[in-house]
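Below is one structure, written out as C-alpha cells; comments come after it.
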Amino acid sequence: MTDRKWILAGAATALIATAGLGFGLGRLTGKTPPAVEGHAEEEPSHEDGFVALSAADAIKAGILTTTVGRGGGAELVLPGRVTLAINASAALGAPVSGAVERVHVAAGDRVAAGAVIATLRSAEGASARANVDAAFAAARAAQAAAARDRRLFEAGVVARQDWEVSQAAAEKAQADLRAAQAQVAAQGTPSAGGLARLRSPIAGIVTRIDARVGGFLTQGGLVAEIADQRAVEYVFDAPPASADAIKVGDTVMVQQPDGGEASARIVAVAPSAPGAGAAVVRAKPTTPAPQIGSIVSARVILAKGTGGPTVPADAVQTLEGRTVVFVAEPKGFRATPVITGRSAGGAVEILKGLSGGEIIAGKGAFRLKAELGKGEAGHED
C-alpha cells in the first residue's frame, strides 16, 4: 500500500472513532432524541401508590370511606328479629258496653292520635252522664248552703257548728262530683244520650278492626288494633353468660336478610329469667331497618376498644405482594402498607401501619387497586 493510501485509511478510522465516541457520550449524559423526549412528555407520571380522585368521583365509582376503629375483643353473633318498638302498637278496647252505631275506619287506614275509630251508644254511658249532672247540681246547692250559713254565722244568727256542718256537706258534694266525672271519662266521655266516641291512642295504621255496625261490645272488648310500623326495633337473644358484657349504648352491625348491613344502638339488656335460655337485647336502628318480622343477626365486639385498630375486610388489598389499605388524603387515596392480625365477622385487626382514626377506603377499595394496576401497566409500556 502506498503512503497516500495509508494516510487516507487512518483518517477514515479516526472519523469513525470520533463519531462513535460522540454517540457514547450522548448515552452517558442522558441525552435523548427530540422525538423520544416528546413521547415522554405525553406519558403522565404516576406518583407511587397514590390515586388522584375527588370525593365526588369516589362516590360515583362506588368507593365508600370509613373511619379506622379500635377493637380486638371477642366477637359475639346474636340471632334476632325486627319487631315493633315499645309503645308503637295499641289495642283499643270498649270502655263501656254498648251497641256499635258507626265504624269510622277500616283495616289498613292510617290514623292520627285521637282519631275516632268507632261510635257506641251505651245505656251505661247515659246513666254515668246523668250521675255527673246530678252530682254537679248537688255540689252547687251544697256550696250555696255553706256560703249562706257562713254569712249567718258571721251575723250571729246561727252557731258555728251549723256552719261547719254545711261546709263539710259542700266538700263531700264536690268529691262526689269528681268521682262521677272520672267515671264518665273512663267510659269514653259519653254524651247525655249515651253516645261514646272511641279514639285511637296513637298514630299509625289500623291493623285489625273488630267492631261492626249493629254489633254489641261488652266493656273491655277489643275494638281495633293500631300499629306505627315506622317505629321498629331489633330484639336479639344473647347467651346468659355474655349478657353482662353487652353494654347499653354500644353500636352493633346488623346482618340483613338481603346480605346488606345496617347499624343499631343497644338500648336495653334484660338478664335471662330463671329457666330461660337467653337474655333479651333490644337495639334501636340508626340506619333504615328491614320489614317487621325479618330475621336478622348482629355482631357484637366484647371488650371493645382494648385492641389495635380494625378495618373492614373490604379495605384490605394486596398490591405488588404487599398488604395495603388506601388512606384518604385531600386529593385522593394513598396505598399504605400494613401488617394484619386477626380477622372475624368482616373486620381485620391492623398490627402495624395505622394508628386508628384515619379515614380509609372501605367498600370499593378494590377499584383503587385496579386503578393503580392500570397506571403501572401504562408506565411499563
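Count begins at 1; order follows the chain as displayed.
A Cβ is built for glycine as well, from the same backbone N, Cα and C atoms used for every other residue.
Listed features, source TrEMBL:
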type	residues	note
DOMAIN	92-227	domain 'CusB-like barrel-sandwich hybrid'
DOMAIN	310-369	domain 'CzcB-like C-terminal circularly permuted SH3-like'
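Secondary structure of the domain 'CzcB-like C-terminal circularly permuted SH3-like' (310-369) per DSSP, as helix, strand and coil residue counts: 8 helix, 36 strand, 16 coil. Shown for the domain 'CusB-like barrel-sandwich hybrid' (92-227): DSSP residue counts in helix, strand and coil, namely 59 helix, 35 strand, 42 coil.
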